[in-house]
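Visitor: Got these off TrEMBL a minute ago, pasting:
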REPEAT    313-354  repeat 'WD'
REPEAT    355-397  repeat 'WD'
REPEAT    398-439  repeat 'WD'
REPEAT    440-481  repeat 'WD'
REPEAT    482-523  repeat 'WD'
REPEAT    524-565  repeat 'WD'
REPEAT    566-607  repeat 'WD'
REPEAT    608-640  repeat 'WD'
Amino acid sequence: MATIFDKAEKRFQDVFSTRWLSFEGAVSSLLHNFDILIGCLLVDEEGGNIVAGGLVGFIYTSEFLAVSHFMGDVMGIVCRVSRVFQREDLTFSVVKDVIDPACAAILGMKSTAGPRLESFLPEIPSEVQDSGNFLFDGNLIKDSSSHRSNFESLRVKFSDQLVLNLQSCFPSQQIFQSLSIFDPQFVPSLGSQELLSYGKEQVDFLCIHFGQDKGSHKALISEVHFREEWLMFKQVLTGIILEYEQGGNLKTKSIDLLDLKPETDVDAVVDEISRKEPLITASKADQVRKLIQRLQEKLAQKDDHHFYLFKVLRAHILPLTNVGFNKSGSSFITGSYDRTCKVWDTASGEELHTLEGHKNVVYAIAFNNPYGDKIATGSFDKTCKLWSSETGKCYHTYRGHSAEIVCLSFNPQSSIIATGSMDTTAKLWDVQTGSELVTLSGHSAEIISLSFNSTGSQLITGSFDHTVSVWDVKSGKRIHTLIGHKAEISSAQFNWDCSLIATGSMDKTCKIWDTPSGRCIGTLRGHDDEVLDVAFDYTGQMLLTASADGTARCYNAVTHQLISKFEGHEGEISKITFNPQGTSVLTASSDKTARLWDPENGSCKQILEGHTDEIFSCAFNYEGNTIITGSKDNTCRIWR
């Protein structure tokens, strides 16, 4: 697997050089200094410079100006791609997230103007004037139907050719799709029958593509080893997968090892498996033992990453409200009381876009992960807006709520946005058409938390009415009302396989609910003040709670036993999350610090200091090697 990815990454980095960046600089300089450029050329023309005279005649046209503004928009997209591919830490997981949205945005510009062209087009009269001229920034610009048609033709041809060139530099779509099986984001639920045969077709294709000699080139991988590694990958996710033949057909069966720990007695595990599973004969027991030992070695790998401050971004003129990464971690977004959302490049700390248009606080923000080509913003102005993360263009404004929008989420398929409002309702909106799909009514107080399950079939909403509702997304009907808390709900989350729901409340407790039945199966007590946030780890076996009492806790989500306490903050903890590997816990506090903890023993691994006011939001990137923290000091910090 590493061989394939390494070869692909090196090739991708070779594709891009600084020429695109230089071209973008030239186009930007031309647009910003048009008057000065014209003045210099006119002086040279008067001095007898024939070339300058010819350039003036060419530049003084609507075609040239339209093309220049169009190129400014396109180069902005291409250069953001170029910057990503010049990163030293480029990984294959970034590629599809960057290339696909960029190609879609460029193709969209064939018919829809980008920000720069959109600002220029109103300067051109709707019809060609009899004089054949129009004024632009005090200059008389030549205009004709041929100038306009030439621009439209070039616009389409250039967009198509550029996308073709980009796509030709990268593997076929089939390779992209095949490699996506290694992304846990798309792996079916743990223990499901679907997981047993998951990836067979894609692995077959990759073996054919990379595992065979081609002319003078030897095969890049060993097909046998590659298939073994794929089986190991699935075993890390689900446990052990057994293959056996029955009636001439090859079948598979999984053995769940979610409870496996580095210190687990291997012989006891093998004995238990052998008793329960007739397929594990005495001759196979030794193979199983070696396999479990390999899994333990992987689990025992220490997470000793130490984070350092990488960038301090003076993000907004007013306090921030939220922060969030795209899936690859190449970009992140910040919302603010200044009524904007900003898009940032993680590697450089450069501001990519300012999403302007809301008339009040931008409170809820989200990327449509795992795709990352769209951003949703929810505002106190009662609207939600959908934006292109590549161009900053606003696709839709969703209107219908009668009070502030305080939470939102994309479904996993990125086809629906859910918004929760202080008007006591949640609404589902169509990403493609911009239309409202359904209003989810039934709560008697504000909705302040919502979340889709991993398949997108269900949505949960947490409310100040002390309840959580479980909704069927397709029909818009309420499946369950989770009743039991004695105060407002602060947070509600599904675990990874959607079998459990955790809810945090102002009543100082966290409750665990069985999703299919809607029954409360556990109440976690111990905090001395409100529970402000809850979070599962990636396996759904560990559950975190963060409280206004300044402490956080880690529980076994199955047995409900307390695993560890996180003590040390000197103010309330408003946000808590696991890193993707489940080996570290990150907390954000009003004491102006964020802290990293060991979930097994509760020890503090690191304190992230430097903010001068309350930290209200924090997040890991997908790989777990970058953190962003958002504070009321109006700054956002990147830690690596």
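The backbone N, Cα and C atoms fix where each Cβ goes, and this holds for glycine too.
In TrEMBL, annotation is done automatically, which means it is predicted and not curated.
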Visitor: Over the span of the repeat 'WD' (524-565), count residues by DSSP class, listing helix, strand and coil in order.
Guide: 0 helix, 22 strand, 20 coil
Visitor: Can you work out the mean pLDDT of the predicted model over the repeat 'WD' (524-565)?
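Guide: Mean per-residue confidence for the repeat 'WD' (524-565): 95 out of 100.
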Visitor: Taking a Cβ cut-off under 8 Å, which residues six or more beyond the ends of the repeat 'WD' (355-397) line up next to it in the same chain?
Guide: 73, 76-77, 80, 97, 100-102, 104-105, 108-109, 112, 114-115, 183, 185-186, 321-328, 331, 333-337, 339-343, 403-410, 414, 417, 419, 421, 423, 429, 431, 434
Visitor: Provide the three-state DSSP residue tally for the repeat 'WD' (440-481): helix first, then strand, then coil.
Guide: 0 helix, 22 strand, 20 coil
Visitor: Run through the repeat 'WD' (482-523) and tell me, per DSSP, how many residues are helix, strand and coil.
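Guide: Split into helix, strand and coil, the repeat 'WD' (482-523) gives 0 helix, 23 strand, 19 coil.
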